[in-house]
Each structure stands twice: as C-alpha cells, then as structure tokens.
C-alpha cells in the first residue's frame, strides 16, 4: 500500500520532508498528492530546488500554475488559509503532515479530519490532548489504529530521547540537565528589530542568544518518570543548520567514560541503527549537515565525574534528521492501521 500524504506548510521542515521522500528512495511507500502553502507557487518550486543548507535538489522540479512536478510525479499546490476548507476528502489523503509550526492542538487536528484526512502528524510538540507523541526508534511501536492525531515531538527531543533511554536502561538516571546549542531560526532577526522576546530583538548573526525551551517537558512527555528530574536551557548560535546538545545525567550505578562510549557505539550498530550514530572523528557542526540520524554521539567529548555524573555531546541536523523521522513516523502510523471513518470518531 502506498500512503497518500498531504503537506500543510512548505517551510524548512515541509520542503525537507518532500526532498527526503525522494532522496531516500521511499517514493514507492509514500506519495505526496498535495502541498498547502500560502506563499506563491513559483517561490515554492524555487526554494525546493535551491536550498542554502542542503544544496540543489537532484530531482527535476517544474511548476506550472498550481501544479508541481517532481520527476514524473505531479503534486497539487494549494493556497488555502483555513484548515476546514482543505480538499483532503477529494484527494483521498491518508495522512496530513502539518509542518506549519503554528497548528498543534486537538482542535487543529480534528479540523484536518473533518476535511477528510484519515490521520494527522504534527511536525512539532503538540498539546497534551493529542493521541500520541512519537520519538521514532523509542516508542513508535505503541501506535494504535485509534491514534489519529500524533506529534513527532521536536528535533531536539528526537535527538536526546534515545540517548537518555540508553543511559537510563544501563545505569539508572536519577536527574539531568540539558543545554541545547541550536542554529539560528526564522523567528530571529537579521538585524536588530522588534520582537516580544527582547533577546530575539538582536541580530542573529552577531550573538549567542539564550532562548526559552520546553525540552525538559518534551523529555517528561516521553518518560513521565522524569517529571521534575530534568532541566533544560537553550542558546541560539550564528549558524544556519545543525545543533549540538550537551547532556549531563547523574546515574545510580558507577560507570566509566569508556563504558558509556562502548554502549552508545554498540547501540548505533544494533538496536538504534539508523537513528543513533557514533563518531570519534575530530568533526565540527557543518560535517553533520544533511545527516539523516536523529542523534550523532561525539565520543571524544564523553566525560564521567565521580563515577556517577555522565556528560555527553550529541549532534543532529535539526532539519534533515527530523524530516527523515517525519517519514518514518508516517509509515509507522500507516502500519498501525486506519479506522473506517476518522471524521466520524470526532466528538462534536
């Protein structure tokens, strides 16, 4: 069965999802039938073809009116602001990938269902009333047919959760702190300009800028037992892609740095292959650009203090890695099964 998807929002994640669909050879499993984006069609096609972070898209891209052709595939382009007016029923859409970064509530998801979609996957953390939050590689096997509205969590949650699980299973995590060192994002300013967050009024290319993060809440969402046991802070740095995460955890059992690295290296070759990677090469952030893994452990930076405090440095391409997990989770949602009429299950 080929899963029919529509992408709502064709920004950084939406475009990377479509590129990943073709570049990773999963076009036989997933067919993109429509993209909804308020920007003009010519701009959508241009930014798909030419990307500052990820280079030129190798597939032939053509656009005529509101039709986008990628290779031999034709995708309908929509410019509809209201979810309820989207033609998902007409297009027989199985799963909507909502990549707007704006929508994420149950009401938003139900609007997609009422429009005819069978399931919805949000590309960012959603409300607590969604049916499930998935970090692929950790809990996607818990998906059920009745999970219609799903969040793919965040890029940083996808990066750190597999590492937390591995360390906790091996030595028992008691508490932890996380520092996200994140590339600049679209909600920052090119030059100083007004923003409700005064730190984000400053030019993104000239400063390391502390910002709020809900990563600790994201950890608790996946592992409720860590409620009030993790804290997180975040800074934005003057690069356009790739993120590093500094994870420190206090563990119950004594451990050596060499044992931590052995565990994480083994996991990258085994149970977490394709999700976690491991390196001891002297690399820098740009070297992880366009890397499809959720997390890449830098073994040269692993430290253990007093046998019970572990510090690790984990890299991720916050765009490309996350876009690949969007595709993985889409396939997992389809594999879990569909109800006969998603819209009929909504409590009106």
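Positions of Cβ are set from backbone N, Cα and C atoms, glycine also.
Counting only residues at least six positions away in the same chain, the Cβ atoms of 186, 319 sit under 8 Å from the Cβ of residue 12 (NAD(+) binding site). The feature NAD(+) binding site is assigned by Swiss-Prot to 12, 13, 318, with sequence analysis given as support.
In three-state terms derived from DSSP, residue 213 (substrate binding site) belongs to neither a helical nor a strand segment and is classed as coil. Counting every protein chain shown, 18 other Cβ atoms lie within 10 Å of the Cβ of residue 213 (substrate binding site). The substrate binding site annotation in Swiss-Prot covers 154, 155, 156, 200, 213, 214, 236.
Look at residue 155 (substrate binding site): DSSP puts it in a helix. Counted within 10 Å of its Cβ, the other Cβ atoms near residue 155 (substrate binding site) come to 25, all protein chains included. Swiss-Prot lists 155 with the feature active site, nucleophile.
In the three-state DSSP assignment, the secondary structure recorded for residue 182 (site 'Activates thiol group during catalysis') is strand. According to Swiss-Prot, the site 'Activates thiol group during catalysis' annotation covers 182, on the basis of sequence analysis.
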Within 10 A of the CB of residue 156 (substrate binding site), the number of other CB atoms across every chain shown is 26
Using C-alpha positions only, work out which of the recorded positions 13, 182, 318 is nearest to residue 214 (substrate binding site).
-> 182
Residue 318 (NAD(+) binding site) to residue 155 (substrate binding site): how many Å between their Cα atoms?
-> 5
Neighbour-count leader, CB within 10 A, binding-site residues: 200, 236 = 236
Fewest other C-beta atoms within 10 angstroms, as judged across 182, 214, which are the recorded positions | 214
Would you mind listing, in sequence order, the residues at least six apart from residue 13 (NAD(+) binding site) in the same chain with a Cβ closer than 8 Å to its Cβ?
-> 99, 101, 123, 319, 322, 323, 326
For NAD(+), residues beyond 12, 13, 318 with C-beta within 8 angstroms of the site's Cβ centre include exactly 11, 16, 123, 155, 319, 322, 323
